[in-house]
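Structure first, then comments.
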Amino acid sequence: MGRKLLLEHINVPGINTLEVYRQKGGYRSVEKALKQMTPEEIVEEVKKSGLRGRGGAGFPTGMKWGFLAKPEGVARYLVCNGDESEPGTFKDRYLMTYIPHALIEGMIVGSFALGAHVSYIYLRGEMMPQIRILEKAIAEAKAAGFLGKNILGTGYDLELYVQPGGGAYICGEETALLESLEGKRGNPRIKPPFPAIAGLYGCPTVVNNVESIAAVVPIINDGGEEYAKIGVGRSTGTKLISAGGNLKKPGVYEIELGLTCEEFVYSDEYCGGIANGKTLKAVVAGGSSVPILPNNLFFKTANGEARLMSYESLSDGGFATGTMLGSGGFIAYDEDQCIVRNTWNFTRFYHHESCGQCSPCREGTGWMEKVLHRLEHGHGKMSDIDLLVDVSKKIEGNTICPLGDAAAWPVASAIRHFRDEFEWHVTHPSEATTRNFGLAHYADPLPKKEETAA
Amino acid sequence: MSDKHKVTIDGITVEVEAGTSILNAARQIGGDIVPPAMCYYSKLEGSGGKCRTCLVQVSKGSEKDPRPMPKLVASCRTTVMDGMEVKNITSPEVVEARKGVVEMLLLNHPLDCPVCDQAGECHLQDLGYEHGRAKTRYEFDRRTFEKVDLGDKIQLHMTRCILCYRCVFTADQITNTRLHGVLNRGDHSEISTYISKAIDNDFSGNVIDVCPVGALTDKTFRFKNRVWFTKPVQAHRDCDHEKCNGKVTLWYKGEEVIRVTARKDQYGEVEEFICNTCRFDKKQTSDWVIEAPTKISNKSVISSNHYDTMKPLPVVKTNPQLLEANKEQFERDTRL
């Protein structure tokens with residue numbers, strides 16, 4: 001049984017209320033941080049913990065906090081990025097729905113560490129229930145003296161606001177989020193300057209994922225070194241994984257980083273295997289924007305080692321044979337799923353969500369969507385497959401924000417690993433519209449290279 | 001060495017002020033190594049970074065930190081560091097990426113150059129010729145829009161737009177009120193007024209000048225003539241608008257002023273913004289003091305307006321019948 005830090009009391013009735021949350025040891029970290037620690041010590045503790053951003057990129061949180069510029073007389077802000085919109089990821093919503101106080105507690109500690117007196121929680125507009133839950137929780141915290149003027153008599157003031165966004169995926173990109181928070185069109189800014197220098201209203205700002213902020217609570221309670229003991233290597237602590245797709249027990253799981261992929265998928269403690277006795281065909285390990293992997297490459301790395309659920313192990317082998325932990329949106333596909341259709345579906349999402357600011361992403365995502373639509377519906381040509389690879393290369397790395405990369409990677413990786421299936425869609429157009437390609441050789445042990453079954 | 005930075009672009013070293021962008025450093029060198037720019041406009045603050053045609057490779061970050069930058073960077077928004085080494089046309093990666101960007105830009109562009117007023121002075125046309133492919137690989141319907149009149153002087157043909165945001169920045173920075181902006185997102189995004197308003201202020205005409213393509217055109221000039229048949233001259237008038245100093249380019253066809261624009265430099269950027277009175281209402285030679293012919297680069301198609309062909313051809317001069325038929329034209333030309 002892995003250690004639970006964030007979801008330890010998730011099943012306690014009434015944990016969403018301040019009263020029960022306090023009984024279970026909530027807001028200890030606020031008392032400890034505000035009364036016994038200096039802001040520098042908190043940042044140092046977070047650095048020691050090795051906590052890495054849980055939103056996708058995996059940038060060390062402590063380092064990010066350390067980069068924050070601290071000019072005299074200029075306000076600083078902590079902004080919580082709750083714009084979770086990646087297909088396959090729903091961990092933050094879960095956390096905010098059931099333990100809203102964990103986030104608020106983390107926000108207070110984080111704001112104190114960064115010297116922010118006004119902090120924002122930016123949520124996607126569709127999360128209206130969560131917005132109400134958080135606002136209620138903030139009111140409770142305020143009544144109990146954890147927010148507002150002179151918190152716990154320490155002289156520290158903090159106002160916390162919840163800001164609903166308009167419901168755009170792009171507003172999860174930190175600079176687009178800041179633009180949106182300022183009331184403008186959610187277009188990503190051109191960097192530099194980075195938000196740590198000039199963010200919200202031109203002031204130094206830190207933008208963190210919901211889970212990263214909540215993870216500060218156990219770090220302060222138990223100490224950074226204690227937190228760093230969990231996990232492997234540079235992947236420390238626990239991570240929420242939102243498992244979905246053809247699994248027996250889909251849901252949000254808190255895992256210790258370093259758990260083997262095999263255990264995560266098949267053990268009864270976690271996903272419990274593939275639903276309906278089918279075989280696993282492919283896995284998207286970290287939300288729709290990370291490269292998709294076939295069964296065999298997911299459980300074993302290219303050099304035959306068992307793959308672990310950690311930042312390093314999942315990206316082992318680079319993009320040729322690896323993927324990324326991303327935001328933890330785990331999607332499993334069984335043998336009945338069509339990879340071409342899935343790729344088209346993802347691309348349709350990115351086409352819809354591209355902000356339209358820079359040309360490769362604006363035009364390229366639409367192009368890929370149209371070509372994939374044609375392939376999926378049996379009108380494709382063999383040359384389309386190489387065209388897709390070429391277009392994805394032209395988008396990747398040439399855009400202002402990572403949405404271009406996120407749109408290009410799933411397409412490039414699907415073709416890299418499932419080229420047979422794409423070709424089958426071209427050679428058997430009428431069959432492709434009535435049945436799926438099936439499992440083929442994607443679950444075979446790695447060294448064996450077999451002919452396509454269909 | 002605090003305020004001067006040495007930067008090497010494609011092997012040519014230049015010393016520039018700190019804070020200069022790579023693109024502007026390249027423009028100080030000039031020639032082929034200047035990256036093309038579709039959205040960057042030196043007169044407009046905050047422009048650039050969107051079209052991605054100016055991507056360059058930074059092979060050495062600076063003297064202090066010689067690591068190369070991992071990705072291609074937009075040269076218009078990246079400032080130079082001391083000792084920076086930049087590869088533009090010497091990097092195959094850049095050439096390839098730029099080709100891709102041009103292809104993307106042309107993806108939804110209608111390529112209706114034969115009927116487009118911008119043809120001949122269109123930046124996208126130049127870019128397509130220099131860096132593009134001969135054929136597109138795009139086999140789907142292009143995005144189309146209805147033409148919209150933004151007031152009685154400006155027409156918006158959104159189909160041609162490449163969403164460079166220049167006109168938005170112009171309206172923000174040159175005029176007092178911005179009445180148009182970008183609606184929607186992705187490849188549905190469009191420049192629009194909210195909702196079908198007219199753009200009406202003294203400097204609104206400048207959006208026509210900053211538009212790199214034929215999306216915003218001058219309704220007083222639409223379909224009047226091809227630019228390469230017109231003859232540009234520099235002129236000025238005593239404009240009573242406080243922000244306009246009346247320095248313009250007049251575009252003549254015969255002795256008629258058919259268009260007035262701001263003066264543009266070699267990168268197609270206006271030198272000074274002009275007011276709408278100068279642009280739209282003063283179309284008599286008598287309104288202006290003419291200075292000199294405008295210098296047109298010999299690479300531009302506008303320079304192919306052979307001034308002498310406006311005179312009757314030799315055959316006309318000798319044939320009495322043709323002489324009679326072209327009498328009016330002949331008289332006008334000889335008067336000139």
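Residue positions begin at 1 at the first shown residue.
A Cβ is built for glycine as well, from the same backbone N, Cα and C atoms used for every other residue.
Over in TrEMBL, the protein carries these features:
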type: DOMAIN; residues: B:5-92; note: domain '2Fe-2S ferredoxin-type'
type: DOMAIN; residues: B:93-132; note: domain '4Fe-4S His(Cys)3-ligated-type'
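DSSP labels the residues of the domain '4Fe-4S His(Cys)3-ligated-type' (B:93-132) in these numbers: 27 helix, 0 strand, 13 coil. Taken residue by residue, the domain '2Fe-2S ferredoxin-type' (B:5-92) breaks down under DSSP into 12 helix, 25 strand, 51 coil. In the predicted model, the domain '4Fe-4S His(Cys)3-ligated-type' (B:93-132) shows an average pLDDT of 92.
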